[in-house]
Amino acid sequence: MARNAKEHPSIKWGPFHARFPGVHLRLQPSLMIQGAFMLLATCGAVTPLVMQYFQVSFEVAWTVSLIMLFWVIAQTILFGDAYAAGAITAALPLTIVFLNTLTPGAEAVEGMVALFLVVIALFLFLGVTKLGAAFNHFFPTAIKAGVIMGAAIAALQSEIERLPTMPITLISAWVIIMLLMFSIPFAKLPDTKAKVMAGSNALLVSFIAAGLIGWLSGELTFTIEWGFFIPPIGETLATLSIWAVGLPSWEMILTVLPIGIIIYVFGFSDLLVANTLLKGADEARTDENINIDPTRSHYIVAIRNLGQLMTAGPLLWVHGPIWTGVQIFLIDRYKKGRAVMDSIYSGPMNFYLLAIPFGLLMPVIGIITPLFPVALSISLLLTAFACAYISMSMVNTNVSRGIALTIGFLTATLGPAWGMGVGIVLHLMLIGLKKEELTEKEVEGIKDDLLSRKTEHVG
């Protein structure tokens, strides 16, 4: 088939491309509504954690989440990346382990500001120098696998501790999401319309089912109020923004450096997966040329995290390049042709566009707020499951597996500094300085696992 592809129209500014809804990108209401509820429920999952660790009100925590959504959609509308933006979800369990070592309130805020700044600096420096691939390859595969295993252990540990608070609701949510996303017997069932619909919207189905079961069991209570949520912007800036809290100490920056490095490795791996997915989409359609620029993507992730600090303050999520499950879902639609999705850029725009307006409606807040613990639990459970199988697929010798598990346990219990430190010593003692040339296998393994699923958590 002859290829007559052009890049979608945009307003170019510097290395970026702005594409606005209704001007450059076609609106699709059904996609907007589905995306808004999924994004609010998933992104809002950390709102209770922001309240707990930063000692702020729900209003302030919710405002920070809404501003995060602005920077999420800005990736496509203002900066021109085709990725469905998200957060670096694998980092969340390690972030929680770190915050548990700090005093809730001012110290925890300082710690997260420091972590954001380290991640920003890494993405900027390695983007400008184009050394991201070399930096990522510098870490032996066994150590990377161990860090990812640490995220899995920490995530699963946190959910086991949370279980007694609402056992019926959480177990129901876990069973449904695991059945829809990972069950081999379920996958072998005939591809009926109901099965395809449930599998393609696994997060939404699990939220709705868990909400209904939780309400029937009395574990969840929904309070519906009418009106609009007025974000306390002034209070939020005065409480959490970098303008108010100031720069963290050098001691704190050095403390978070190992975690920041791990988060960058996670983020770079997300970019590898994202680029692989987009290249597949680009090959499937001959009517559009998808502009993939890893250097620009580094800049965008850095700008989004810096913008978060300057316009609101940190969350427990760190902005990342891709929400993998949504990206796969949107690419599946994109491959069906221009009649289904006009441009690769219109997918993320439509999926995210109504999230902020819906997040200002009190009835919507009343419906999704009780589901925050469920959304967080599902996100962490999926993170644990995905990180575990990715970690195990990266190592192919018994020694490497043993090192990975040791690093994972130490990372989850004592923190990333211990995990990486002991991991480096073990690697030198048991494997030596030789490189395990598994990078391509690692990427392909992740790609195959991701492409076999229709939807997944943030990041």
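Yeah, the Cβs are placed from backbone N, Cα and C, and that goes for glycine too.
Residues or ranges marked as transmembrane segment in Swiss-Prot (evidence: sequence analysis): 31-53, 60-79, 84-106, 113-135, 165-187, 196-218, 228-247, 252-274, 309-331, 351-370, 374-396, 403-425.
Segment contact holds for the transmembrane segment (228-247) and the transmembrane segment (60-79), given three or more CB pairs below 8 angstroms at sequence separation of 6 or more. In terms of C-beta pairs under 8 Å, the stretch of 31-53, 196-218, 252-274, 403-425 lying closest in packing to the transmembrane segment (351-370) is 31-53.
Contact count against the transmembrane segment (403-425) (Cβ pairs under 8 Å) is highest for 84-106, out of 84-106, 113-135, 252-274, 374-396. For the transmembrane segment (374-396), the partner stretch with the highest count of Cβ pairs under 8 angstroms, out of 84-106, 113-135, 252-274, is 84-106.
Same-chain residues lying 6 or more positions outside the transmembrane segment (31-53) and placing a CB less than 8 Å from one of its CB atoms are 61-62, 64-65, 68-69, 72, 87, 92, 96, 99, 102, 104, 108, 112, 201, 203-204, 207, 315-317, 326, 347, 350-355, 357-359, 364, 368-369, 371-373, 375-376, 379, 457-458. Listed as Cβ neighbours of the transmembrane segment (165-187) (distance under 8 Å, sequence separation of 6 or more from its ends, same chain) are residues 159, 195, 198-199, 202-203, 205-207, 209-210, 213-214, 217, 219-220, 373-374, 377-378, 381-382, 385, 453-456. By number of Cβ pairs under 8 Å, the transmembrane segment (252-274) is matched best by 113-135 from the list 60-79, 113-135, 196-218. Through the fold, the transmembrane segment (113-135) approaches residues 95, 98, 242, 245, 247-248, 252-253, 255-257, 259-261, 263-264, 267-268, 271, 294-295, 297-299, 301-302, 305-306, 308-309, 313-314, 318 of its own chain, all at least 6 residues removed from its boundaries and within a Cβ separation under 8 Å.
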